[in-house]
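These notes are about the structure you will find just below.
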């Protein structure tokens, strides 16, 4: 199984280090390259996979990790990318629990440590691939190419292509997949160790362990299953030393048929059978988990792939050192660019100025930071470069909607849904614009189109309820908001609108019931407390109303409207000094508060009358 001594290894311009010192050296290089990313922010896809992913939070059931994709969407949803990586998400959740929240330092530090561990293990992988598989009498792996494997591992550790995987937290999926990939390969190699429990000429147990590690790699990122191909190729070419070309030629032409008895005796077919069975089982399980359907991607979802050109003929010591230094510097520069989305996307723009998705990412980052004017420029350029870029059209339409440029917003969103008819978010946003344009029938149809393409869409039901409320279709509005709260029990706006609508229509008893139901689910929501307090005040339940007003003010003490309405309650209740106090607080916070000045003046006149009438 072992190859002859690698003839060029002694000429590699590196000192011959012992195994421990070699691994420490590689680890130091790996840490040196990416240590400056330890205190970076959450950037790029981190927003969806980590910041906005409810599967990381302790309040979310742990079982959700096994039902949802990498981004927290249910795998059965037509909007899911089918990226099933539960083990990776589990490590994110552990980071969240250990740090007590979304603190990026812990996430980045673990990525850097994983890269160092992977780089160290590459010494063993390269030792086998370059120098062959061989064991000493004690069962330890022999390294027949110590300098070559060390050099290869150093360049692996320092290669800037790893920047995205290490400096970007979502790159954890690549790191964990690589780690289990390595372990699966090294475990498979251990099946041929003479010190292992034997079945013929190999250990079945270690092959099974290798399959388990392959499954773990696949549960970190889908490409992990490819280790089975690597193990099979390694087995055929190096363990069994099969000349594939000659074997194929004999089988096809039937001349001098090969003697397969030696291969059978070595157990190759049994091992390939085990791996095939394991691989098919994993693929079937993955197919079932995906909902037996493939993911749907748009043309601009996949960035341009990197091309590596590797040219070797003879490298001098100076050239090797210069190349290594260049890698280290490039890693440091790129990991620094990954510290924030602004620097990351700006650097991408200089490299790919004609890439629509780069312009979209820059625009989205600017919009998220509140600079919508600059964001419009980049969204427009993304649409110009890729006229059917529906996500850019949707985001641009949203900004134009907020700027009251409704006609152009409607045109953009209409085009987005014509290009991608199942784009539920664009349908909902189109409905909002059409509602603002008082195109009520078209808006209602757009909302229902959104719900048809995304059945569980609480925000769309909420906006549909607002449309019905604008048309005085009170029952329909209440039903829509009720649907929103059934789909999303913590939908504060839907709960609050139900209480306000019932209050305004005189259904005070029902408004009280809805308000109390909402506060059971959202006990710290001051807006619902405020609305319920108003209802209770009208029902002359003054003491309870006062309690809710005061609780709401403890949460949000600078709410002018809450002070004003509490003052009205005290005014009705006859607690005039308290009413005066809260009228004054309300006017101090908002001197233009409607009605408050008149109520305050009325109270002062009443107090003056009482003062003059007192004996």
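Any Cβ shown, glycine's included, is placed from N, Cα and C.
As annotated in TrEMBL, transmembrane segment covers the listed stretch 225-247 rather than the other ranges in 179-201, 225-247, 340-362. Within the chain carrying the transmembrane segment (202-219), a Cβ under 8 angstroms from the stretch's Cβ atoms is held by residues 84-88, 176-177, 179-181, 183-185, 187-188, 190-193, 196, 225, 227-228, 231, 266-267, 271, 274-275, 278-279, 282, 286, all 6 or more beyond its ends. Sorting each residue of the repeat 'TPR' (526-559) by its DSSP state yields 27 helix, 0 strand, 7 coil.
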